[in-house]
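Participant: Would you mind keeping the following structure in view while I ask a few things?
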Amino acid sequence: MTDGPSQQYPAPGAPAPADPVPPGTAGPSFPPPGAPRAPVPGPAPAGWAPYPTGPGPRPGLVLGAAHKPGALPLRPLTLGNIYDGAFRIIRFNPKATVGAAVMVTAVAMLIPVLVTVVVSLTIGIATDASGELDPDATTAELVGALAAYGSLLLSLVVAQVGVVFVTGMVAHVTRAAAVGRRLGLGEAWAATRGKRWRLLGLTLVLNLTYTVLLVVYILLWVLVVVASDSAWPVVIWGLLSVPAFVALCCWLWIRYYYLPVPALMLEPVGVFGAIGRGWRLSARQYWRTFGIALLTVVIAQFAGGLLSFPVSIVGNVVALAAPQHAVLALILTQAIAVVVQNAFVAPFLAAVTSVQYVDLRMRKEAFDVELMREAGIVPA
């Protein structure tokens, strides 16, 4: 038996009962019958989610995009995420991407234009309307043609060096865009301080490797041709070696060449450390990385060709209409075409490569958690 009513405990999982009203205090008040009721809050807006508890985000962070504070969702990315992120990076950082590419390419391509103008007005150029060398030209005119086309080749090399620096800048722009920050042209250039010579050294090492590989393959071809008494050994060698060489180049492109630049710019590593980082990040991710990279190159080159094609047509028309200025017209339009093409191709390729680098680090190293903390988001 008990002295009073037995104490009732809530069932497991049931809400705890409300505290009883102390004696002598007024109970909860209810509105009189017929009084208007207080408005009931409506449903939450679509796409809204409670922000995780913990320290608040940095000023300017949109709560509805808690896991996408910038251009990229902070999780492993799909192909659509990669391309969308690349375009967002370019669109919201135009000076540090397109502007930088246009500036370095325009400065480089100004060299052959000025050289051709000076040569045309002084000694002349030994070419006809099609740009071919004129066999009846004087020695001075041949020197003029050599100066014009030599300066064009030099400018292409200088432009490529400039694009290398743009690629390094875009890596920093991508890192900042992932956490919702924008970098101007000066900020992106300043971010490469301390890594510029390493970046040039890395580019030299990577290109030298491919050059040595190509030279060795050409020498093997020469040996096979010289040692063969008939065409069949050469044909068999070609059928076997060409696919193997292409496959080797594609494999080295992804494992060795593709990812070291963003690794060098965004991590405390040197030239060979960056190559090793690219090698490790692409391990067990080769086919996916290769497919996206190949598709990106095809898209970029096709779009670049479409952009530069009208300029080339105009140059050919001007050269035919004014044969005495044919070389100047051809080099001028070639310079404009290179600038227009690089304005799209260089930033897009660099942005996609950097986004893939970020994606691989999120997949393998939980890089998304680091980016969330940097963006002021507390990971769940």
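Heads up, the Cβ atoms here are built off N, Cα and C, so glycines get one too.
Here TrEMBL flags 12-44 as compositional bias 'Pro residues'. For 1-53, the entry in TrEMBL reads region 'Disordered'. TrEMBL lists 98-126, 146-173, 199-224, 230-254, 286-307, 327-355 with the feature transmembrane segment.
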Participant: Can you see whether the transmembrane segment (146-173) and the transmembrane segment (230-254) are touching - at least 3 CB pairs under 8 angstroms, only pairs 6 or more apart in sequence?
Facilitator: no
Participant: With CB pairs under 8 Å as the measure, which of the listed stretches 199-224, 230-254, 286-307, 327-355 comes out on top against the transmembrane segment (98-126)?
Facilitator: 327-355
Participant: Same chain, outside the transmembrane segment (327-355) by at least 6, Cβ under 8 Å from its Cβ: which residues?
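Facilitator: Residues 72, 77, 82-83, 85-87, 89-90, 97-98, 100-102, 105-106, 109-110, 112-113, 116-117, 120, 125, 127, 131, 145, 148, 152, 155-156, 159, 163, 166-167, 170-171, 173-175, 258-259, 261-262, 292-293, 296-297, 299-301, 303-305, 307-308, 311-312, 314-316, 318-319.
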